[in-house]
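Novice: One structure, pasted below without further comment.
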Amino acid sequence: MLLFLILLLPVVLKFSFVSLSAPARWNCPEGSPSGNGNATCVGPAPFLIFSHGNSIFRIDLEGTNHEQLVADAGISVLMDFHYNEERIYWVDLERQLLQRVFLNGTRQEKVCNLEKNVSGMAINWINEELIWSNQQEGTITVTDMKGNNSRVLLSALKYPANVAVDPVERLMFWSSVVAGSLHRADVTGVEVRLLLETSEEIAAVSLDVLDKRLFWIQYNREGGSSRICSCDYDGGSVHFSKHLTQHNVFAMSLFGDHIFYSTWKKKTIWVANKHTGKDMVKMNLNPAFVPPGGIKVVHPLVQPKAEGDAWASDQKLCKLRKGNCRGSMCGQEPKSHVCTCAEGYTLSQDGRKCEDVNECAFWNHGCTLGCENTPGSYYCTCPAGFVLLPDGKRCHQLISCPSNVSECSHDCVLTSDGPICFCPEDSVLEADGKTCSGCSSPDNGGCSQLCLPLSPVTWECGCFPGYDLQLDKKSCRASGPPPFLLFANSQDIRHMHFDGTDYETLLNQQIGMVLALDHDPVENKVYFAHTALKWIERANMDGSQRERLFEEAVDVPEGLAIDWIGRKFYWTDRGRSLIEGSDLNGKYREIIIKEDISQPRGIAVHPVAKRLFWTDMGTNPRIESSSLQGIGRQVIASSDLVWPSGITIDYLTDKLYWCDAKQSVIEMSNLDGSRRQRLAQNDVGHPFAVAVFEDHVWFSDWTMPSVIRVNKRTGKNRVRLRGSMLKPSSLVVVHPLAKPGTNPCLHQNGGCEHICKESFGTAQCLCHEGFLKAPDGKMCLALNGQEILAGRGKDLSDGVMPVDTLPRSRELEDNLTESQHILVAEIMVSDDEDCGAAGCSAQARCVTEGEDATCQCLKGFAGDGNLCSDIDECELGTSVCPPTSSECINTEGGHVCRCSEGYQGDGIHCLDIDECQLGVHTCGENATCTNTEGNYTCTCAGRPSEPGRICPDPTPPSHLGEDGRYSVRNSYSECPPSHDGYCLHGGVCMYIEAVDSYACNCVFGYVGERCQHRDLKWWELRHAGLGRQWNVTVVAVCVVVLVLLLLLGLWGAHYYRTQKLLSKNPKNPYEESGRDVSGIRPADGEAGMSSCPQPWFVVIKEHQNLRNGSQPGAPKDGLGADVGQFSSLEPGSLQPTSWRKEPQMYMDTEQGCCIPSSSDKGSGPQGIGYSFHLPSYGARSIAVGVEKSHSLLSANPLRQQRAPDPPHQMELTQ
C-alpha cells in the first residue's frame, strides 16, 4: 500500500483537495455538457424509479441498490419526478389522489384529489406545474406543485393519454388511444396541432429533451408485436425501428441512447437501443407477483433548464451569488442575496459573514466532563480511565463487562444501567447498540475508500485521485470512460458494461476452450490462452490483429496475468504443473515456479510490490506468493481450502480476493494473508475467477452460467448478470484506473496526432498552436480548415473524409446493426426466473416469447432445455474441418480444427504453407522448389522430383586426403561449402553417398530435417532418463560400498585369527640330542627346543655344485616338484638325500618349516633365495626356530662327516 501511495504522490500533490463532486459514469448524450474534454459527464449516477404493485421502488441501472421507497402507494401506474425538489409525484388511481414523497422515501404526503379516469401525468419543472389528462372527459388539466389553482388547458379531445412535456421548448405532447394519433400544443394550451396518425395503437410516449425527438411505442394488435418509433417535434423525420418485439409495452422512459420500458404481464424491465429497438438488457425483478407499472429515469439531464445550462440550478446560482457571505448556505429563497448561516454558525453584525458559535464557552453543550469546540460544531471528551457513552455526552469510568455478556464489536463498559457497548475514538455506536462505525472500525465509517476524521465522533468520506464521491457521500466512482467486463466464455470472448449494455462478442471464431485471459491497458490488447489448440494469443480489443505468441508449448493454461508496468505476462499450466513467464512479445520465456506445485490455476501480479500470487488446487490446496523471479515463496493461506480457483488484487487497498470453487465461497485478506475474511458463501455457485473494482467484487459462476457481483466489504447486495453464457471463466475489469500506474502515452503516443497527456490512466490528446482538435479527439485540424500531418506539413484536404465522420443514414445503421448478432444480458436481482424455480440446464437459456418462457439449449448442445448434452461434431461429421488438411477436435459446445503438417490456420480454416516462397524448404541451392498441397518437391538436375529431396552439389565431394589416399568416415563425408549453414542449431551436415543425399546430425534437443525444431519431448525424456540413470548410479554405489565393507570385515576377521594363532608359542616335541635322526623322538617335556621364528620361513632348494662350474638351476620338476617331495613325508621325518642334496626335515606347521644344515654358510636371512609354504595335513603344528634348527641339524654325525655342500640360496618371506 505504501508503494502505491508513493506512486500516487504527484497526483495527490496536484489535487491537494478531495473532490466532493459527484461525476457519474455514462456516455454523454449528444449535445449535453461534458467534463474537461473527456468522455464523461459531470453529474450524479442515473437510477430508475418504478411502481410495482402498490409500492414504489428505486434501483440503479446496474441492478444494485434495489430499495422500496413507498410501501402503500396504491395503484400508481402514472408517476413523474421533480429533480430540483427531489420529489416523486404519482397518481393513486384507486383512491383518486395525487401524492408525493422525497426521492429517499421520506415524508409521504397528499397533494390533492383527482377525478376518475386519469390517463396521463407529467411535470413542468420550469413553470412548477403538474399536468394530467382525463381520457373519459377528453381534457388536459394543470395545477401548481401544491395542488392549488387547478385549471383546464384543453378540452374536447379524443381520448387523450400519455402526456409528455418539454418546458424548455414550451411544448406539450399527448396521444389518442382510440384514434392512434399524436398531438402537440403549447404549454399554455394554444397552437394545438396533429403530428401524425397511424392505424396501430400507440402504447407509450416519451421525450428525448436533448435530441428534441418524440418517441412512442407502436403496437400491432393483429400480430401482437411492437416497434419503437420516433419523430422530431414537428412530426417530421419519422424513424421506425426494424426490430420488432413481442412485448406489450406499458410504460417507457428515455435516457441517453437507451429506452427503458415495462410490459403488461412480465415482471421485468427491458432496456433497448432507441435507434434500433433491439433488446439489450433484461432486468429481472423476481420475486414479484405483478409486473412493474410506471417507470422513469432520474437524472438532471432529463430535466434541463430553459437557459440551456443543464447544470445551472437555483442552488448553484445561490452559491455563485453569495459574494462575501463566508460560511453561508442557500436557503429557501436561493435567488435572494440574504446570507443564511448553517447550524453551528451565527450571522455577523454586518450581515456579510457567518461566525462559528463556541458551544463549549456558553456551557450549553451538555458534556459531563470535557468539551472541545470545532468550526460549526463541538464534541464531548473524557479523561483517561473514562469512556464516552453512546449518547455522546456522558463519561463513565471504564469497568469492563464479564466476557460472557459482551456482544459488542469493540468493547463493553459496566454501568448502573447494565453493560453498555462503546466504540473507540473516531467511531460511534450504531442503532443496534453493538456495532461500531467510523474510521477506526472495520466498516471504515461506511466509506468506500477514504475515511477522514473530523472529531472523535464525526468524519467524512473521501476518494482517491481519479475517483469521485457520489451523492450518498460514501461511495466513490471512477472518472473517465465507463468500465466494462471482459471475460472468456469457453468458445468466445465477450464484454459488457456493468449495467448489461453493450453486451457483445469480441472474438467469436471457434477458438477451442479459452479459460485464461487478461488485458494490457497500455497497448489495449487482450491476451488469452487455448486449452484445446494449446496456443497463447493476443489481439486488439476490436478482435483484429490476432498474433500467436506460443504454439504447442502449453498444456492446460487456466490462469494468465499481465504485468502492465514491467511489460511481461505470466501464466499457470495445470497440465505441466508449473508457472511460466515471458515478455509481451513471446520472447525470453522462462519457468518461474516448478517445484512443490501441483495444480496451479488462478494467478495475479502486483507490479508495484513485484510479487506473484497464485492458487494451487492440488493435494495440498493453498494460496501462495513469490517474487516475479519465483524466489521468496510464501504461503498466504492453506487452511480451510479445497479448490482455490480464481485470485485478484485490489490495488487501492492492497487486498487479496480469491474464490473456492468446491466450497462455493469468496474470501479476502491482506497481501500477507492476515485478516482473512469470508465474504460470500453457498450462493455463489461454482466460482471460477474473480475481479475487483470500485466497491464490488465480480466473479464468474459455472453452476448458473453468469457473472455475479457483491459488495467487496460485506458480500451483500448481490446482483447476477447472465445471457446465453456457457462457462464464463477468467474475467477482468477494463478501465484506466483498474490497473493504476498505466501510461497509455508510451504506446504510439496514445493514438494522438500531436501531444499526448496522461491523466488518471487515460490519454488526453492536445494540439499545437494553430490547430484545432478534430471530432475524433485525436487528430488535429489547422485553423484554416486544412488538416496537417504533424511534423510533415502535408496537406491532406483532398476532399476525402474519415469514415467515422461520414454521414450515415438511419437505414444504413439499421442494416449494419441487423447483420450483427446482439446478445441480450439479464440483470437478476434474485435467482428466480420466468422458466420456473428449477430453472434451465447450465447449457440452456430461458427464452421469453411473448408472454411465455421456455428453456432452449445453447448452440452446440441438444436436448429439451432441461437437459442438454454436447453435440460431437467430429463424430457426426458435421464439422467444418477439411479432412485432408486438419484434425477435428471436439470441445464443449463446439469444435476446433488442428491443422496437419504443411498447413496453418486459425482453428477453423487451414491453408497450405508455401514452403518455397517462405524459404523453409530443404531443397538446397542446386534444386528448384515447387510448392504442392501440404508439401513441396525439389527438382534436381537430371533426377526425378521427390518431396523434400535435397539435391547434391553437381561436383561430387572429394574423399581424397592430404596424403593422397581416399579416406572413408563411416561412409559419410562432410557437405560442400555450398551447404554451409544448412543445418541449424549446431547440427553437422553429412553427405550420404549411398542415397546420394545430404542429412543433418542434430545435437541433443533438436529434431527436423535441418534441426530446426526443439525437441521438447526429447528434453523431457532426457531429463527423465538422467533421473533414472542417477538413481541406478546411486544404488550401484551403495551396493559396491556394502560389498567392500563386507570384504573388509572378512579380511579383518581372518587377520585377527591369524595373529591369534601366530601369537601362540607351543613347546618343541623333539629333544635336542646327538641321537640318530632316524626314528629318534625327543623325550616328552624336554625343553630347550625353540620354534621357528614367526617372521621367517625358509625352503632349501637344490642347486648345482658351483665348484664344478655349473650354474644354479631350478629343480628338475620345478618348484612344484619340491613341494611334492615333502608331501609324502611324515611330520618330523628326515628325508635321505644324495651327496648333492642336503637332508631336509619336514615339520608340519601352519606354514611349514624346512631346516637347512648348520654348516650352511648362507644360513640366516641374508642367504635366503627362494621360499614357499608347505601345506598342512592335519598333524600337530610345530614351529621351529631358525637358531634351534641349526643346532638340531649339527647334532647329526652323518652330516658332520660329509664333504661341504655347495652353497644354497635362500629367500626370506614374511
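Numbering starts at 1 and runs along the chain as displayed.
Heads up, the Cβ atoms here are built off N, Cα and C, so glycines get one too.
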Novice: From N117, N935, name the one Swiss-Prot lists as N-linked glycosylation site.
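Specialist: The candidate carrying the N-linked glycosylation site note in Swiss-Prot is N117.
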Novice: Would you please say which range out of 313-334, 423-444, 489-510, 1193-1214 has the annotation region 'Disordered' in Swiss-Prot?
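Specialist: Residues 1193-1214 are the ones Swiss-Prot records as region 'Disordered'.
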Novice: If you have Swiss-Prot open, could you say which of C360, C382 makes the disulfide with C371?
Specialist: C360
Novice: Quick check on the record annotations: which of N926, N1031 is tagged N-linked glycosylation site by Swiss-Prot?
Specialist: N926
Novice: In Swiss-Prot, C367 sits in a disulfide bond; tell me which of C354, C380 is on the other end.
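Specialist: Checking Swiss-Prot, the candidate bonded to C367 through a disulfide is C380.
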Novice: Give me the count of other Cβ atoms within 10 A of the Cβ belonging to C765 (disulfide bond).
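Specialist: The answer is 22 other Cβ atoms.
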Novice: Quick one: among the disulfide-bonded residues C380, C846, C874, which has the most Cβ atoms sitting within 10 Å of its own Cβ?
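Specialist: Counting Cβ neighbours within 10 Å, the top one is C380.
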Novice: For the C-alpha pair, I'd like the distance in angstrom between C382 (disulfide bond) and C752 (disulfide bond), rounded off.
Specialist: 60
Novice: May I ask for the residues of the chain that lie six or more residues beyond the repeat 'LDL-receptor class B 9' (654-696) and have a Cβ under 8 Å from a Cβ within it?
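Specialist: Distant contacts of the repeat 'LDL-receptor class B 9' (654-696): 1, 4, 448, 467, 475-478, 483, 485, 487, 515, 602, 604, 606, 609, 611, 613, 615, 623, 625, 634-637, 640-648, 702-704, 708-715, 718, 727-733, 735, 738, 831.
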Novice: C-alpha of C380 (disulfide bond) to C-alpha of C846 (disulfide bond): distance in Å?
Specialist: 59
Novice: Apart from its near flanks, which chain residues at least 6 from the ends of the repeat 'LDL-receptor class B 7' (567-609) lie with a Cβ under 8 angstroms of it?
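Specialist: Beyond its ends, the repeat 'LDL-receptor class B 7' (567-609) has Cβ neighbours at 3-4, 7, 516, 518, 520, 522-523, 527, 529, 536, 538, 549-550, 553-561, 615-620, 626, 628-630, 633, 644-649, 651, 654, 656, 658, 671, 689-690, 741.
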Novice: If H, G and I count as helix, E and B as strand, and all else as coil, what does DSSP give for C745 (disulfide bond)?
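Specialist: It is helical.
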Novice: List, in sequence order, those disulfide-bonded residues among C367, C436, C463, C765, C888, C1002 whose Cα sits within 10 Å of the Cα of C756 (disulfide bond).
Specialist: C765
Novice: Which whole-number value in Å describes the distance between the Cα atoms of C1011 (disulfide bond) and C983 (disulfide bond)?
Specialist: 6
Novice: Restricting attention to the repeat 'LDL-receptor class B 6' (524-566), give the mean pLDDT.
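Specialist: Mean pLDDT across the repeat 'LDL-receptor class B 6' (524-566) comes out at 89.
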